[in-house]
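Participant: Have a look at this one before I ask anything.
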Amino acid sequence: MFIWTSGRTSSSYRHDEKRNIYQKIRDHDLLDKRKTVTALKAGEDRAILLGLAMMVCSIMMYFLLGITLLRSYMQSVWTEEAQRALLNVSITETFNCSFSCGPDCWKLSQYPCLQVYVNLTSSGEKLLLYHTEETMKINQKCSYIPKCGNNFEESMSLVSVVMENFRRHQHFPCYSDPEGNQKSVILTKLYSSNVLFHSLFWPTCMMAGGVAIVAMVKLTQYLSLLCERIQRINR
């Protein structure tokens, strides 16, 4: 009786030992699996945050461009581009200006005023040419305004070079108002469609990248859940 009981106890002990070994292996596998899932979840969370941050930054860039560049582009009336013939170019007078010489320091100077008149081919009307839209806002009497500086002779030399370039090229493209409300033409548009495209290109790429990152993470999570459900069904 004693011998039979001892054998049974030994067999039971071996069975329990094997079961403990299998349980430890299974627990170890589950622990590794949980660590892997936790690491993947942390990486997915970081990827989603990156995608959302990219989308928020692109929206902010869209907003800034909308209130600055896009607004000026929509308000511009000089939309018709055509060849214009030079009628007259001359330096008429000088105007006072001020420039910064340091913190809380301003000095007065002068700049020469260059006037350029062109011929409107369709009607033969004489129009004043401006370098850009900002030139007309600064001084409506001048076609080209050099940067205000301490050296007046340097400004005069720069304006003389611009004047000679106009005389050398008698025909050049300009932008005019097709409705005829503005009696002036623009040589260079600061807010053209090409500038608008290049300004909106990078925010659009950032937005597309953020959306793609979030979509890829969500797709990966969906496929992972789908595979897990299939494995449970097969079991």
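Every residue gets a Cβ built from N, Cα and C, even glycine.
Annotations for this protein, taken from Swiss-Prot, read as follows:
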TOPO_DOM  1-46  topological domain 'Cytoplasmic'
REGION    1-45  region 'Ball and chain'
TRANSMEM  47-67  transmembrane segment
TOPO_DOM  68-194  topological domain 'Extracellular'
CARBOHYD  ASN88  N-linked glycosylation site
CARBOHYD  ASN96  N-linked glycosylation site
CARBOHYD  ASN119  N-linked glycosylation site
TRANSMEM  195-215  transmembrane segment
TOPO_DOM  216-235  topological domain 'Cytoplasmic'
Participant: With DSSP, how much of the topological domain 'Cytoplasmic' (216-235) is helix, how much strand and how much coil, in residues?
Facilitator: 19 helix, 0 strand, 1 coil
Participant: Pull the DSSP breakdown for the topological domain 'Extracellular' (68-194) and write it out as helix, strand, coil residue counts.
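Facilitator: Helix, strand and coil residues of the topological domain 'Extracellular' (68-194) number 33 helix, 53 strand, 41 coil.
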Participant: Please report, as numbers and ranges, the same-chain residues at least 6 past the borders of the topological domain 'Cytoplasmic' (216-235) whose CB is under 8 Å from any CB of it.
Facilitator: 44, 47-48, 51
Participant: Among all the protein chains here, how many other CB atoms are within 10 A of the CB of ASN96 (N-linked glycosylation site)?
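Facilitator: Step by step: centre on the Cβ of ASN96 (N-linked glycosylation site), count other Cβ atoms within 10 Å, giving 9.
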Participant: Could you tally the C-beta atoms, other than its own, that fall within 10 angstroms of the C-beta of ASN119 (N-linked glycosylation site)?
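Facilitator: A 10 Å sphere around the Cβ of ASN119 (N-linked glycosylation site) contains 16 other Cβ atoms.
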Participant: Same chain, outside the transmembrane segment (195-215) by at least 6, Cβ under 8 Å from its Cβ: which residues?
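Facilitator: Residues packing against the transmembrane segment (195-215) from afar: 47-48, 50-55, 57-59, 61-62, 65, 69-70, 73, 189.
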Participant: At a 10 Å cut-off from the C-beta of ASN88 (N-linked glycosylation site), count the other C-beta atoms across all protein chains.
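Facilitator: For ASN88 (N-linked glycosylation site), the count of other Cβ atoms within 10 Å is 11.
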Participant: Across the topological domain 'Cytoplasmic' (216-235), what is the average pLDDT of the model, as a whole number?
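Facilitator: Mean pLDDT for the topological domain 'Cytoplasmic' (216-235): 81.
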Participant: Between ASN88 (N-linked glycosylation site) and ASN119 (N-linked glycosylation site), what C-alpha distance do you get in Å?
Facilitator: 9
